[in-house]
Amino acid sequence: MGIKFLEVIKPFCAVLPEIQKPERKIQFREKVLWTAITLFIFLVCCQIPLFGIMSSDSADPFYWMRVILASNRGTLMELGISPIVTSGLIMQLLAGAKIIGVGDTPKDRALFNGAQKLFGMIITIGQAIVYVMTGMYGDPSEMGAGICLLIIIQLFVAGLIVLLLDELLQKGYGLGSGISLFIATNICETIVWKAFSPTTVNTGRGTEFEGAIIALFHLLATRTDKVRALREGFYRQNLPNLMNLIATVFVFAVVIYFQGFRVDLPIKSARYRGQYNTYPIKLFYTSNIPIILQSALVSNLYVISQMLSTRFSGNFLVNLLGTWSDATSGGPARAYPVAGLCYYLSPPESFGSVLDDPVHAGIYIVFMLGSCAFFSKTWIEVSGSSAKDVAKQLKEQQMVMRGHRETSMVHELNRYIPTAAAFGGLCIGGLSVMADFLGAIGSGTGILLAVTIIYQYFEIFVKEQSEVGSMGALLF
C-alpha cells in the first residue's frame with residue numbers, strides 16, 4: 001500500500017518546481033554566498049507587507065509561535081516555515097505508522113521528498129485560506145473576493161519561495177538547511193531586540209523601554225530610588241527583564257554542554273588491517289527535529305482551535321479544544337489560551353505560573369517529554385539514520401564494529417541508536433521545559449532551536465576547515 005501511494009503521487013511530483021542537484025562540487029565560498037543570498041531573500045520577505053490587508057492590529061493568536069516558525073505578522077512571511085514543517089510532520093507520522101512505506105532505494109526517498117513538497121504546497125494554500133477567512137486581515141465580506149484571493153496568492157507564492165530556498169540549501173548549494181537558518185536568524189533577532197529595543201511601551205508604571213538592558217539604564221537614570229529601580233530592571237512584569245536575559249544565557253550554556261555528550265563506537269576497516277576509527281552516537285542523535293515537529297503540531301492545533309473559536313464561540317467541544325483571550329499589556333496585541341486542551345499544551349509564562357497552576361505545568365511537562373521522545377524515535381526510521389541504515393552505510397564503507405561480526409552489527413547498533421534517539425528527545429523536551437519555567441527570552445523551544453542550529457553551523461565550519469586547511473583558505 002505504501003509504495004502504491006508513492007507511485008500514485010509520482011505524476012504530481014514530476015511537475016513540481018525543483019532545484020537541480022549541482023553537477024560539480026560547490027566551493028565553500030560559493031556556499032557562503034548562496035547561504036547569504038537565501039537569508040537576504042528571507043529577511044526581505046519578512047519586511048514586505050501583504051498587499052490588500054485592511055487591518056492586522058487584532059490580537060495575534062500565533063504570537064507565541066512566531067519566533068519558532070520564523071514568521072512575521074502581516075508580511076509575506078506570515079506563514080513562515082509552518083507549511084514545510086507541517087508536511088514533514090504528516091509524512092513522518094504516516095511513514096512511522098506504516099500507513100505508507102518508504103524503501104531504502106534512492107527512488108523511494110526521492111518520491112517521499114516529492115510527496116513532502118506536494119503536501120507543503122497544499123498546506124500553504126489551506127493555511128492561507130484559513131488565515132484570510134477567519135478575519136486576521138479584516139472582515140472577508142468587506143474586503144471582497146478579489147482582495148481575499150490576492151492575499152491567498154501572495155501567501156502561496158511566499159510559501160513556495162520558502163520551500164525552494166530550503167531545497168536550494170539542502171541540495172548542497174549552501175550550508176545547512178533553510179528551515180534551520182530561518183529559525184536561528186529569527187530567534188537571535190528576537191533575543192537581541194528584547195535586550196536592546198529602543199521602543200517605548202506605556203505601562204501602568206509609566207513609559208518604559210522594551211529592551212531589558214536599555215530599560216535598566218533608563219530606570220537607574222530617572223528613578224530616585226536606585227535600589228527599587230535596580231529591582232524593577234531585574235524583575236519587571238510583562239516586559240523583558242534582566243532575569244530573562246540571564247536565564248537565556250544560562251540555557252545557552254547548558255545546551256552547549258549537553259551537545260558534547262556522545263558514545264564513540266569502535267570500528268575498523270574490513271579491508272585494511274590496523275585501520276581503526278570511531279562512530280559517534282550523540283546524545284542529541286536527532287538534533288532539533290523533535291522540537292521542530294512538536295512546535296508544528298502545537299501551532300496547527302492553535303490554528304484549528306482559533307478558527308473554530310471564531311466561528312463557533314460557546315460550543316462545548318470547541319471550548320474543550322481551547323478558549324482564548326486577548327492581551328494588550330507589555331507589547332503587541334496577542335491572543336493566548338486560557339482554558340481547554342490548548343491551554344494545557346502551552347508553556348507556563350513563568351515559575352510563578354507553575355506554582356499557581358501545578359496541574360497545567362504537570363500536563364505540559366508530560367506532553368513535551370513524551371512528544372519529543374516519540375518524534376525523535378520515529379524520525380530515525382524515515383530519515384535514513386536507524387540502526388539498519390547506519391549498518392548499511394558502514395558496510396558500504398567496508399567498516400565493521402570491533403569485536404562483532406558484520407552480521408551482528410544491526411543488533412549491536414540497535415542497543416544504542418533507538419535509546420539515544422528516545423533519550424535525546426526526552427532531554428530536548430526537558431531542557432525546553434526548564435527554559436520556559438526560567439522565563440528565557442524567545443521561549444524554551446526557541447532557545448533550544450537556536451543553540452542546536454548554531455552548533456550545527458559551527459560543526460559545518462569545522463568540517464569545511466579541516467577539508468580545506470584553514471579558515472583563511474575558506475574565505476579568501
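Yeah, the Cβs are placed from backbone N, Cα and C, and that goes for glycine too.
Helix, strand and coil counts from DSSP across the topological domain 'Cytoplasmic' (2-33) read 19 helix, 0 strand, 13 coil. Residues or ranges marked as topological domain 'Cytoplasmic' by Swiss-Prot on the basis of sequence analysis: 2-33 (among others).
As annotated by Swiss-Prot, topological domain 'Lumenal' applies to 54-76 (among others), with the evidence given as sequence analysis.
Sequence annotations record features per position, and here Swiss-Prot assigns topological domain 'Cytoplasmic' to 97-117 (among others).
Marked as topological domain 'Lumenal' by Swiss-Prot: 139-144 (among others). Mean pLDDT of the predicted structure over the topological domain 'Lumenal' (139-144): 85.
If you look up Swiss-Prot, you'll see 166-172 (among others) marked as topological domain 'Cytoplasmic'. Under 8 Å from some Cβ of the topological domain 'Cytoplasmic' (166-172) lie the Cβ atoms of residues 18-22, 26, 34-35, 38, 81, 84, 117, 178-179, 181, all in the same chain and six or more residues away from its ends.
What Swiss-Prot lists as topological domain 'Lumenal' is 194-240 (among others), and the listing cites sequence analysis.
The topological domain 'Cytoplasmic' annotation in Swiss-Prot covers 262-288 (among others), and the record cites sequence analysis as its basis.
Sorting each residue of the topological domain 'Lumenal' (310-354) by its DSSP state yields 17 helix, 11 strand, 17 coil. Sequence annotations record features per position, and here Swiss-Prot assigns topological domain 'Lumenal' to 310-354 (among others).
The DSSP breakdown of the topological domain 'Cytoplasmic' (376-420) into helical (H, G, I), extended (E, B) and coil residues amounts to 29 helix, 3 strand, 13 coil. Annotation comment: Swiss-Prot describes 376-420 (among others) as topological domain 'Cytoplasmic', evidence class sequence analysis.
Residues in the topological domain 'Lumenal' (442-445) partition by DSSP class (helix H, G, I; strand E, B; coil) as 3 helix, 0 strand, 1 coil. Per Swiss-Prot, the feature topological domain 'Lumenal' maps to 442-445 (among others).
Under the heading topological domain 'Cytoplasmic', Swiss-Prot lists 463-476 (among others), citing sequence analysis as support.
What Swiss-Prot records for 34-53 (among others) is transmembrane segment, and it gives sequence analysis as the kind of evidence.
For 77-96 (among others), the entry in Swiss-Prot reads transmembrane segment, with the evidence type sequence analysis.
Remote same-chain residues near the transmembrane segment (118-138) are listed as 9, 12-13, 16, 50, 52-56, 58, 74, 78-79, 82-84, 86-87, 90-91, 148, 151-152, 155-156, 159-160, 163, 303, 306-307, 310-311 (criterion: CB distance under 8 Å, separation of at least six residues from the stretch ends). Annotation source Swiss-Prot lists transmembrane segment at 118-138 (among others).
Summarising the annotation, Swiss-Prot assigns transmembrane segment to 145-165 (among others).
Within its own chain, the transmembrane segment (173-193) is flanked in space by residues 19, 22, 26, 30-32, 34-35, 38-39, 42-43, 66-70, 80-81, 84-85, 162, 165-167, 210-211, 248, 288, 292, 441-442, 446-447, 449-450, 453-454, 456-457, 460, which lie at least six positions past its ends and keep a Cβ under 8 Å from the stretch. Look at Swiss-Prot and you will find 173-193 (among others) tagged as transmembrane segment.
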Ranked first among 34-53, 77-96, 421-441 for CB pairs under 8 angstroms with the transmembrane segment (289-309): 77-96
